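Asks: Pasting a structure here, questions to come.
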Amino acid sequence: MAHHADPPQPATFRAAPALSGTAAIPGDKSISHRSLMLSALAVGESRVEGLLEGEDVLATAAAMQAMGAHIARDDTGAWRISGVGVGGLLQPATALDMGNSGTSTRLLMGLLSSHALTATFIGDASLSKRPMGRVIDPLSLMGAEFTASPGGRLPLTLRGICPAVPIEYRLPVASAQVKSAILLAGLNAPGITRVIEPIPTRDHSERMLRGFGADLTVETQVDGARIISLTGEAELSPRHIIVPGDPSSAAFPVVAALLAPGSKVTVTNVGLNPTRAGLFDLLRDMGGSIEVTNARDVGGEPVGDLVVTASTLRGVEPDPARAPSMIDEYPVAFIAAAMAQGRSIFRGLEELRVKESDRIATMATGLRLIGAQVEELEDGLIIDGTGGDPLPGGGPIATKLDHRIAMSFAIAGLVSRNGVEIDDMRPVATSFPGFIGLLRGLGAVA
Ligand SMILES: O=C(O)C1=C[C@@H](OP(=O)(O)O)[C@@H](O)[C@H](O)C1
Ligand SMILES: C=C(OP(=O)(O)O)C(=O)O
């Protein structure tokens with residue numbers, strides 16, 4: 001990945017005037033990964049419009065290509081993928097470099113587990129600290145074998161098996177990556193693979209597997225648990241996919257517009273799948289003015305434009321059950337809470353400790369450095385907001401190879417008295433190339 005070699009890119013973000021205008025965000029990262037993987041398993045040529053061209057997704061593309069799929073970008077900007085058929089992936093000739101991407105790693109570990117091939121996964125310093133035991137456990141039950149670095153980490157080597165054993169697995173952690181890894185393994189296993197998720201997580205895999213023609217059913221129990229059943233040895237047919245804008249990227253201009261006095265911003269083409277839109281609900285609960293216009297369906301996903309008007313926010317104590325629907329948005333939600341009136345209490349967020357960085361610790365340290373009032377808990381943060389006053393500012397913020405940390409503190413800089421200095425903006429390229437250009441378009445940076 002590009003940013004392994006380049007020198008760090010420090011930057012300072014300073015107080016912005018009111019933000020105005022319209023912002024277009026890049027394609028959804030979760031849907032982009034899945035578009036490439038499922039297209040690469042279909043028989044025939046799929047076409048994907050609006051693919052996120054960020055480093056994480058390009059790592060998935062390179063891996064699928066290394067295993068036999070043909071992938072190319074045409075001159076309209078759409079991507080064309082010729083698949084090899086379920087079960088048809090080839091042994092990659094070299095290690096698969098997953099860069100910074102947990103989604104690429106865990107979903108591909110699933111996919112490869114039910115193919116009779118051996119593959120080594122490597123990644124950057126951040127990814128090499130993240131736990132893979134959560135996918136190694138169920139995939140081992142299906143018959144795959146793993147040699148991992150200590151603690152179940154990368155680099156690791158996987159030996160897949162065909163036929164793999166279909167399993168029924170209850171998720172011990174609310175993770176769409178674990179769910180998806182098992183379902184993708186199940187695609188090439190005989191019989192029914194079943195995943196039970198006590199707490200619902202993003203359901204793009206389920207929607208897209210169905211869209212590609214897999215036999216998949218979802219049953220919701222009275223307690224809200226979901227039982228997902230997939231019939232294996234599936235045949236997937238090629239699709240024309242339109243990827244909606246990423247709500248996790250929309251989060252940054254949305255929070256900036258709420259916090260910078262006098263702002264009014266429209267963010268277009270935002271994916272509003274209920275398993276992803278938790279941040280917007282939370283910000284509304286805090287008193288934020290976010291209106292949805294032009295609500296529509298794009299390729300089986302709800303999409304809308306968000307009209308955001310600067311608002312005075314109140315502290316909140318969000319229900320931890322809502323965490324999966326905004327799991328990647330907590331860093332920027334903490335920035336919003338740091339400027340709200342009163343106290344916010346965030347709990348039940350231990351998963352944040354195993355993302356690209358320990359997002360509880362990284363945010364607590366950074367927030368203190370810019371003058372916010374914060375107390376770190378094992379599973380969350382307590383934040384006492386400024387009541388709308390600008391944050392003092394400061395830095396440098398240590399981003400620890402974490403794109404969401406870099407972007408969250410960039411937004412904090414826009415509503416700070418003295419600016420916020422960030423040690424390295426390179427990680428932003430993993431999920432949001434064009435982030436700075438978008439802020440510039442809204443009048444936020446020179
Ligand atoms: O399935 C996915 O595309 C993702 C699931 C989430 O991870 P977990 O499954 O680890 O919660 C999320 O944090 C990640 O950015 C993308
Ligand atoms: C956690 C994230 O991604 P991944 O797990 O794919 O690295 C993220 O994008 O915030």
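Residue 1 is the first one shown; counting continues down the chain.
Every residue, even glycine, has its Cβ placed from backbone N, Cα and C.
Under the heading domain 'Enolpyruvate transferase', TrEMBL lists 18-437. Taken from TrEMBL, the feature 3-phosphoshikimate binding site applies to K29, S30, R34, S175, Q177, D328, K355. According to TrEMBL, the phosphoenolpyruvate binding site annotation covers K29, G102, R130, Q177, R359, R404. Here TrEMBL flags D328 as active site, proton acceptor.
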Asks: Checking the spread of the phosphoenolpyruvate site as listed (K29, G102, R130, Q177, R359, R404): what is the longest Cα-Cα distance, in whole Å?
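Replies: In whole numbers, the farthest two Cα atoms are 19 Å apart.
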Asks: CB neighbours of R130 (phosphoenolpyruvate binding site) within 10 A?
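Replies: The Cβ of R130 (phosphoenolpyruvate binding site) has 20 Cβ neighbours within 10 Å.
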Asks: Checking proximity to ligand 2 here: which binding-site residues out of S30, R130, K355, R404 have their Cβ closer than 6 Å to it?
Replies: K355, R404
Asks: Go through the binding-site residues G102, R130, R404 and tell me which ones have a CA within 10 A of the CA of D328 (3-phosphoshikimate binding site).
Replies: R404
Asks: Please work out the mean pLDDT for the residues of the domain 'Enolpyruvate transferase' (18-437).
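Replies: Result for the domain 'Enolpyruvate transferase' (18-437): average pLDDT 98.
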Asks: Counting Cβ neighbours within 10 Å across all chains shown, tell me which of the binding-site residues K29, R34, R359, R404 comes out on top.
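Replies: That would be R404, with the highest Cβ count within 10 Å.
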Asks: Among the binding-site residues listed here, S30, Q177, whose Cβ has the fewest other Cβ atoms inside 10 Å?
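Replies: Taking S30, Q177 as the binding-site residues, the minimal 10 Å Cβ count falls on Q177.
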Asks: Please report the three-state DSSP label of Q177 (3-phosphoshikimate binding site).
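Replies: Once the DSSP labels are grouped into three classes, Q177 (3-phosphoshikimate binding site) ends up as helix.
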Asks: Based on a Cβ-to-ligand 1 distance below 6 Å, what subset of the binding-site residues R34, R130, S175, R359, R404 would you report?
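Replies: Only S175 qualify.
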Asks: Would you identify the secondary structure of R130 (phosphoenolpyruvate binding site) according to DSSP, in three states?
Replies: coil
Asks: Would you mind checking how many other C-beta atoms are within 10 angstroms of the C-beta on S175 (3-phosphoshikimate binding site)?
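Replies: By my count, 22.
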Asks: For K355 (3-phosphoshikimate binding site), which residues in the same chain are close in space, meaning a Cβ under 8 Å from its Cβ, but six or more apart along the sequence?
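Replies: Result: G102, R130, D328, D402, R404.
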